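Noted in Swiss-Prot for the protein shown:
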BINDING   30-37, 147-150, Val176, 184-187  ATP binding site
ACT_SITE  His37  active site, proton donor
BINDING   Gln61, Gln153  (R)-pantoate binding site
BINDING   Gln61  beta-alanine binding site
Amino acid sequence: MRQITDISQLKEAIKQYHSEGKSIGFVPTMGFLHEGHLTLADKARQENDAVIMSIFVNPAQFGPNEDFEAYPRDIERDAALAENAGVDILFTPDAHDMYPGEKNVTIHVERRTDVLCGRSREGHFDGVAIVLTKLFNLVKPTRAYFGLKDAQQVAVVDGLISDFFMDIELVPVDTVREEDGLAKSSRNVYLTAEERKEAPKLYRALQTSAELVQAGERDPEAVIKAAKDIIETTSGTIDYVELYSYPELEPVNEIAGKMILAVAVAFSKARLIDNIIIDIREMERI
């Protein structure tokens, strides 16, 4: 594995891959890698000739009340994990290289950002869109891999690729879970022992609602209530339980097409998110 920090060196490596006709799988991250990231790298390894992972803690996606400096960083640990996962190039640029001087052009994400977690993180997805546009232009990937754990981000990336006619295949990858269904997250370590026992109820709630739809329920409020009823048996505080079309993230008046049921729940020292994709068309084929 090569670790590259210099943009010009990355461009040379990409040029070489393209001259050899090699496909490139790209996994953008902010580092502090966990099993979810490594699953993305593994899938990219299976589907491409070369795998490039970036580690860049992007200052543009941190809000005024979010501590950019406190974000965990351990590049040596991450480099070892990336190499073991079969990554060919680990791109670790400096913020001064990614954002040299004043911006001449910026990006504002108009849709898909004012619901779910984006509602309380103004400007966050603008920062995501800016850095991904830069990274996509540098890496020129055949495919880009993102985890559905953050399904709203996947929806925003889908819109970015579509609106700017980027010749990139977006590959959403299912959430990696513990044996009891809890979505894997670095935040899980902040749960107390009792909260850790309760936390799998989030996914159980989502599954229950999906099963309700599969059984014929077509009232969005009933589907949402079924999930809420289960989550309310935990000690966590519900931030939201919401249902939207996917990936458009528009409100739904009836159960139809492809949708996302998403939840956010605050425990004493950890805020957990999870979601499930409900596709009526797929259910009708079963």
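Positions of Cβ are set from backbone N, Cα and C atoms, glycine also.
Here the structure is a predicted model, which means the values were calculated and not measured.
Overlay of Swiss-Prot feature records on the structure.
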{"residue": "Met30", "record": "ATP binding site", "DSSP class": "coil"}
{"residue": "Gly36", "record": "ATP binding site", "DSSP class": "helix"}
{"residue": "Gln61", "record": "(R)-pantoate binding site", "DSSP class": "helix"}
{"residue": "Leu148", "record": "ATP binding site", "DSSP class": "helix"}
{"residue": "Gln153", "record": "(R)-pantoate binding site", "DSSP class": "helix"}
{"residue": "Val176", "record": "ATP binding site", "DSSP class": "coil"}
{"residue": "Ser186", "record": "ATP binding site", "DSSP class": "helix"}
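Sequence-distant contacts (6 or more apart, same chain, Cβ under 8 Å) of Leu33 (ATP binding site) comprise Ile55, Arg77, Asp78, Leu81, Ala82.
Cβ environment of Ser186 (ATP binding site): Phe32, His34, Pro72 lie under 8 Å away, each six or more residues apart in the same chain. Other C-beta atoms found within 10 angstroms of the C-beta of Met30 (ATP binding site) number 16, with every protein chain shown included. Distance noted between the C-alpha atoms of Gln61 ((R)-pantoate binding site) and Met30 (ATP binding site) is 11 Å. Here Gln153 ((R)-pantoate binding site) is positioned 16 angstrom away from Val176 (ATP binding site), judged by their C-alpha atoms. Proximity of Gln153 ((R)-pantoate binding site) to non-local residues of its own chain (separation of 6 or more, Cβ distance below 8 Å) is seen for Phe125, Val128, Phe146, given in sequence order. Every protein chain shown contributes to the tally, and the Cβ of the residue listed as 'active site, proton donor' ends up with 24 other Cβ atoms within 10 Å.
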